[in-house]
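The following features are taken from TrEMBL:
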- 1-37: domain 'Small EDRK-rich factor-like N-terminal' (DOMAIN)
- 1-30: region 'Disordered' (REGION)
- 17-30: compositional bias 'Basic and acidic residues' (COMPBIAS)
- 39-61: domain 'C2H2-type' (DOMAIN)
- 53-62: compositional bias 'Basic and acidic residues' (COMPBIAS)
- 53-76: region 'Disordered' (REGION)
Amino acid sequence: MARGHQKFQSQQKNAKKQAEIKKSKGHDQKAAAKAALVYTCSVCRTQMPDPKTFKQHFESKHPKSPMPPELLSVEA
């Protein structure tokens, strides 16, 4: 078991190593947001995250267009 100065050096080395791993991995918010948008409107090509939002969009923006089959079973 490390004590004193050796323990401090070990902690610094580990913190540096973890920071490098985190930096190399990174976090891409644009990619994460784009992955969450799974439903695409067939009329205007707008992307939405869930079927409820998709149905609300379709009813408000395209009332005269026929409802897509995947939205017929969704309750608003």
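Even glycines carry a Cβ here, placed using N, Cα and C.
Within the chain, the region 'Disordered' (53-76) has long-range Cβ neighbours (under 8 A, six or more residues past its boundaries) at 39, 41-44, 46.
In the region 'Disordered' (1-30), the DSSP tally of helix, strand and coil residues is 23 helix, 0 strand, 7 coil. Residue counts of the compositional bias 'Basic and acidic residues' (53-62) by helix, strand and coil are 9 helix, 0 strand, 1 coil (DSSP-based). Mean pLDDT across the domain 'Small EDRK-rich factor-like N-terminal' (1-37) comes to 83 in this model.
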